[in-house]
Amino acid sequence: MGLLQFLKSQFLCHLIMCYVFLVSGLIVNLIQICTLPLWLVSKQLARKINIRLAYCIASQMVAALEWWSGTECTLYTDPKRYPLYGKENAIVVLNHTFEIDFLCGWTFCERFGVLGSSKVLAKRELAYVPVIGWMWYFLEIVFCKRKWEEDRTTVAQSLQKLRDYPENYWFLLFCEGTRFTPKKHQFSMQIAESKGLPKLKYHLLPRTKGFYVTVQNLRGTAAAIYDSTLNFRNNEVPTLLGIINGKKYHADLYVRRIPLESVPEDEAECAAWLHKLYQEKDGFQEQYAQTGHFPGPIMSPPRRPWSLINWLFWSCVVLYPLGLLIAQMLSSGSVLTIAAAVVVCSAVSMGMRWMIGQTEIDKSSNYGIKAAPLNNN
Ligand SMILES: CCCCC/C=C\C/C=C\CCCCCCCC(=O)SCCNC(=O)CCNC(=O)[C@H](O)C(C)(C)COP(=O)(O)OP(=O)(O)OC[C@H]1O[C@@H](n2cnc3c(N)ncnc32)[C@H](O)[C@@H]1OP(=O)(O)O
Ligand SMILES: CCCCCCCCCCCCCCCCCC(=O)OC[C@@H](O)COP(=O)(O)O
């Protein structure tokens with residue numbers, strides 16, 4: 001193990017990274033709150049400012065993936081469609097299989113210049129995660145309770161608000177609704193069977209209502225569906241803790257651009273269309289399992305320096321006062337002050353561990369297990 005790799009695995013480095021992320025994130029959240037009055041005066045200006053503020057937070061995690069862990073991200077896609085990416089609004093449909101799938105998504109957003117503005121249909125619980133969840137509030141992220149009776153109006157209303165969004169965005173939909181686990185897969189395939197749908201090997205049965213309502217509300221605003229299928233080389237199981245420890249992974253993403261007009265307007269036909277899409281995605285994963293690559297040529301956008309520059313900037317801003325504080329504390333020699341500092345550090349590291357836990361599949365919700373009608377049998 002080289003010196004750099006050794007350093008990357010040290011707890012002190014992780015503590016410093018988490019400190020930078022947390023403190024800079026809270027500063028950004030505070031500035032976001034200060035933009036509230038601006039929404040009344042100029043909504044579009046407030047949105048543009050919040051896009052840049054969100055970039056300050058999200059790109060730190062992207063920098064951790066690209067520059068700290070050195071993870072490589074390869075894009076398989078049609079070269080004719082490539083110039084459109086980042087230049088239009090799109091609905092991204094992605095498999096929900098890996099703990100860092102959202103982070104790989106963010107990395108591609110960064111490379112195509114839409115990181116600050118990108119959106120997702122996210123479960124309500126994530127709105128309460130400090131820094132990221134609070135930032136999403138100002139980004140007009142669409143939250144759902146995963147209870148259709150309650151979501152049908154709120155989700156549609158939130159989507160309608162995005163129709164006059166001032167910058168291009170990608171709207172991410174994990175149609176499976178929850179992370180893949182063998183147990184959830186077993187339940188969802190029972191449902192597929194009861195509906196007479198073909199079984200999927202690598203995906204859960206997609207939920208069609210969120211997809212339908214998104215397509216209907218963004219018609220005329222989003223130009224296309226980006227059907228995206230993600231996998232990792234060598235059967236790796238990537239984690240956020242792995243990234244923080246400096247472990248390098250290799251992500252492969254296959255993207256097909258499908259014009260939005262080709263998605264049926266009728267709800268039942270739209271649902272059938274999505275089921276067919278997932279059968280095709282399953283085929284791509286099968287090909288990946290057999291051959292180690294997705295169909296189509298490789299058109300990888302290179303990583304850009306901005307995420308690293310942003311990270312270094314915020315590190316300087318928040319580490320300098322910390323250095324002064326530590327020096328002052330040590331020179332004071334007060335045992336009480338040092339003990340208080342140790343308590344604060346422990347609390348921060350526990351808080352960060354809880355946040356990282358939000359990404360872990362073994363802490364995943366029971367959604368898709370307990371709500372399944374077949375559960376009662
Ligand atoms: C590559 C580039 C990437 C670009 C990235 C771009 C942007 C990045 C931005 C941000 C990144 C941050 C990422 C954060 C990630 C957070 C993600 C999440 O939180 S995922 C969870 C929330 N999202 C969703 O759930 C979306 C999908 N869900 C839906 O669409 C749902 O329909 C719903 C709208 C949420 C409503 O939920 P509800 O439970 O009420 O669902 P349904 O009524 O649809 O469910 C019943 C329906 O489903 C069938 N079904 C299938 N399997 C099951 C099962 N296991 N149990 C029960 N029912 C199941 C069932 O038969 C019903 O079918 P039908 O509709 O035909 O009656
Ligand atoms: C610079 C880097 C420093 C690293 C510091 C670490 C910061 C930690 C930040 C945690 C960020 C939390 C963002 C949460 C995104 C989780 C996305 C996700 O995958 O959610 C799961 C849901 O889709 C489905 O939920 P389940 O039903 O499976 O349950």
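Counting begins at 1 with the first residue displayed.
Yeah, the Cβs are placed from backbone N, Cα and C, and that goes for glycine too.
So that you can see what the record holds, here are the features copied from TrEMBL:
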{"type": "TRANSMEM", "residues": "20-41", "note": "transmembrane segment"}
{"type": "DOMAIN", "residues": "90-212", "note": "domain 'Phospholipid/glycerol acyltransferase'"}
{"type": "TRANSMEM", "residues": "308-330", "note": "transmembrane segment"}
{"type": "TRANSMEM", "residues": "336-356", "note": "transmembrane segment"}
Mean per-residue pLDDT computed across the domain 'Phospholipid/glycerol acyltransferase' (90-212): 97
Residues in the domain 'Phospholipid/glycerol acyltransferase' (90-212) grouped by DSSP into helix, strand and remaining coil: 57 helix, 17 strand, 49 coil
